């Protein structure tokens, strides 16, 4: 063995440098949070549970253009459009999302011309059966009604970058 290797092993250089590193982090603030009791910050572009939004007058925003269905890479969205109404607009009769297939990429949200389908701030939506992850139009509208305030705030914060 060379002299420098003997000196390193006798002086425990690696052990001492590890202890110094550990002590440096010991006195810094914690980097973790106690999750169920503390919530971390979620930015305005956070992608959580899907929601269908309504206009302030209560009418649903979706115009049945089917762009979200076409762009979805996982083919998780199924839409059926109703007949045209007297004013020339269409609405959906069926809007289903298979949340098991969804990869939360946000492309449906980007493709929507009227901001009808969004990925909201909710990420705590665990279920016990697979069938509960098949969202229909009513479930999506309820999510939109429940999270509308946060969704509108996030869209407004992100608007300059769109």
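Every residue gets a Cβ built from N, Cα and C, even glycine.
Database features, via Swiss-Prot:
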type	residues	note
DOMAIN	52-82	domain '4Fe-4S ferredoxin-type 1'
BINDING	62, 65, 68, 112	[4Fe-4S] cluster 1 binding site
BINDING	72, 102, 105, 108	[4Fe-4S] cluster 2 binding site
DOMAIN	93-122	domain '4Fe-4S ferredoxin-type 2'
Item to check | Top Cα neighbour of residue 68 ([4Fe-4S] cluster 1 binding site) in the set of binding-site residues 102, 105, 108 | outcome: 108
Checklist entry - Of all the binding-site residues given, 62, 65, 105, 112, which residue's CB has the most CB neighbours within 10 A? => result 62
Checklist entry - So around the [4Fe-4S] cluster 2 site, 72, 102, 105, 108 aside, which residues have their CB within 8 A of the centroid of those CB atoms? => result 68, 71, 73, 74, 76, 77, 103, 104, 106, 107
Next on the checklist: Tell me which of the binding-site residues 62, 65, 112 ends up closest to residue 72 ([4Fe-4S] cluster 2 binding site) in space, Cα to Cα.
Outcome noted: 112
Next on the checklist: Among all protein chains shown, how many Cβ atoms are found within 10 Å of the Cβ of residue 72 ([4Fe-4S] cluster 2 binding site), not counting that one?
Outcome noted: 20
Checklist entry - Taking residues 6+ outside the domain '4Fe-4S ferredoxin-type 2' (93-122), which of them lie with a CB under 8 Å of any CB in it? => result 42, 45-53, 60-63, 65, 67-68, 70-82, 130, 133-137, 140, 143-144, 147, 150-151, 154-155
Item to check | Closest of 102, 105, 108 to residue 65 ([4Fe-4S] cluster 1 binding site), Cα positions, binding-site residues only | outcome: 108
Checklist entry - How many Å separate the Cα atoms of residue 108 ([4Fe-4S] cluster 2 binding site) and residue 62 ([4Fe-4S] cluster 1 binding site)? => result 12
Checklist outcome for this item: Confidence over the domain '4Fe-4S ferredoxin-type 2' (93-122), expressed as mean pLDDT on the 0 to 100 scale, is 96
Checklist entry - Measuring Cα to Cα, how many angstrom lie between residue 112 ([4Fe-4S] cluster 1 binding site) and residue 102 ([4Fe-4S] cluster 2 binding site)? => result 16
Next on the checklist: Neighbours of the [4Fe-4S] cluster 1 site 62, 65, 68, 112: Cβ within 8 Å of the Cβ centroid, same chain, sequence order.
Outcome noted: 63, 64, 66, 67, 69, 79, 108, 111, 113, 114, 116, 117
Item to check | Around the Cβ of residue 68 ([4Fe-4S] cluster 1 binding site), the count of other Cβ atoms that are within 10 Å | outcome: 23
Next on the checklist: Within a 10 Å radius around the Cβ, which one of these binding-site residues has the most neighbouring Cβ atoms: 102, 108?
Outcome noted: 108
Checklist entry - Distance between residue 105 ([4Fe-4S] cluster 2 binding site) and residue 62 ([4Fe-4S] cluster 1 binding site) at the Cα atoms, whole Å? => result 20
